[in-house]
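Trainee: My questions all concern the structure below.
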Amino acid sequence: MASLQTQMISFYLIFLSILLTTIFFFKVNSTETTSFSITKFSPDQQNLIFQGDGYTTKGKLTLTKAVKSTVGRALYSTPIHIWDRDTGNVANFVTSFTFVIDAPSSYNVADGFTFFIAPVDTKPQTGGGYLGVFNSKEYDKTSQTVAVEFDTFYNAAWDPSNKERHIGIDVNSIKSVSTKSWNLQNGERANVVIAFNAATNVLTVTLTYPNSLEEENVTSYTLNEVVPLKDVVPEWVRIGFSATTGAEFAAHEVHSWSFHSELGGTSSSKQAADA
């Protein structure tokens, strides 16, 4: 009898070991994905959260009109699992979008436009040069925000000393950790691709103005920076856009947006397609 009990205990221990190993294997080797594609915005776009002056109309997302002192934001409605606390894994992601900055005068444009990653409960921050995403030029780890800015107005307190319009990567501060000078083509559509490689922690930004079918007339800018997302943003985040105006202004519009992320070591997926 004792021998039978011992055999049963051994069997259950072996079974439990196999079960736990199997669960761990599938957890480590599974992938959680989030994907969506918006090729044309609708007036009642259900998968966006609007903040400030952001709204959709006529197939586009308008963050600000060309008027003074406005802040407009739009967030994807579903939180994104950007890294996993149990495994330590971080998601690879790529997002692409087209946007237009259109000002009455190409010389007097403000303030700019961002794509950002922030806590789920994110709210509009300071306007003007802070682009509705940050409140300080000093590093603030409680911000838990990474942004890619397309900055059209020079602020002496934190912008590059060359005073040029620029693309910047911002980590917990409006003062960019890396910048690339950028010649705004007023009223022209820009194509942007932002990609994050979790293996290297490299965030890559590419902006292209395909203003002609002739290859030599395509203007392109690329910016790279190491950004340890897991050390900056929460495990679950929201992604979105923000734009602001000040004493000078411009209309800031997004015409299309897609996003795809893959997080290894989890076991669920979310996909959405929006025409």
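Just so it is clear, glycine is given a Cβ too, placed from its N, Cα and C backbone atoms.
Pasting the relevant annotations from Swiss-Prot:
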SIGNAL    1-30  signal peptide
BINDING   Asp111, Gly129, Gly246, Ala247  D-glucose binding site
BINDING   Glu149, Asp151, Asp159, His166  Mn(2+) binding site
BINDING   Asp151, Phe153, Asn155, Asp159  Ca(2+) binding site
Trainee: DSSP on His166 (Mn(2+) binding site), three-state: which is it?
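Mentor: Where His166 (Mn(2+) binding site) sits, the three-state DSSP reduction gives strand.
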Trainee: Here are some binding-site residues: Asp111, Glu149. Which one has the most Cβ atoms within 10 Å of its Cβ?
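Mentor: In terms of Cβ crowding, the pick is Asp111.
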Trainee: Using C-alpha atoms only, work out the spacing between Glu149 (Mn(2+) binding site) and Gly129 (D-glucose binding site) and round it to an integer in Å.
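Mentor: Glu149 (Mn(2+) binding site) to Gly129 (D-glucose binding site), Cα-Cα distance: 11 Å.
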Trainee: Which one is it, among the binding-site residues Asp111, Phe153, Gly246, Ala247, that lies nearest to Asp159 (Mn(2+) binding site) by Cα separation?
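Mentor: So, of the listed binding-site residues, the one sitting closest to Asp159 (Mn(2+) binding site) is Phe153.
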Trainee: List the other residues in this chain whose Cβ sits within 8 Å of the Cβ centroid of the Ca(2+) site residues Asp151, Phe153, Asn155, Asp159, in sequence order.
Mentor: Asp111, Gly112, Gly129, Thr152, Tyr154, Trp158, Arg165, His166
Trainee: Around the Mn(2+) site recorded as Glu149, Asp151, Asp159, His166, what other same-chain residues have a C-beta within 8 angstroms of the site's C-beta center?
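Mentor: Near the Mn(2+) site, the remaining chain residues are Gly112, Phe150, Thr152, Pro160, Arg165, Ile167, Gly168, Ser176, Thr179.
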Trainee: Taking only same-chain residues 6+ apart in sequence, whose CB is under 8 Å from that of Phe153 (Ca(2+) binding site), what do you get?
Mentor: Val109, Ala110, Asp111, Gly112, Gly129, Arg165, Gly246, Glu248
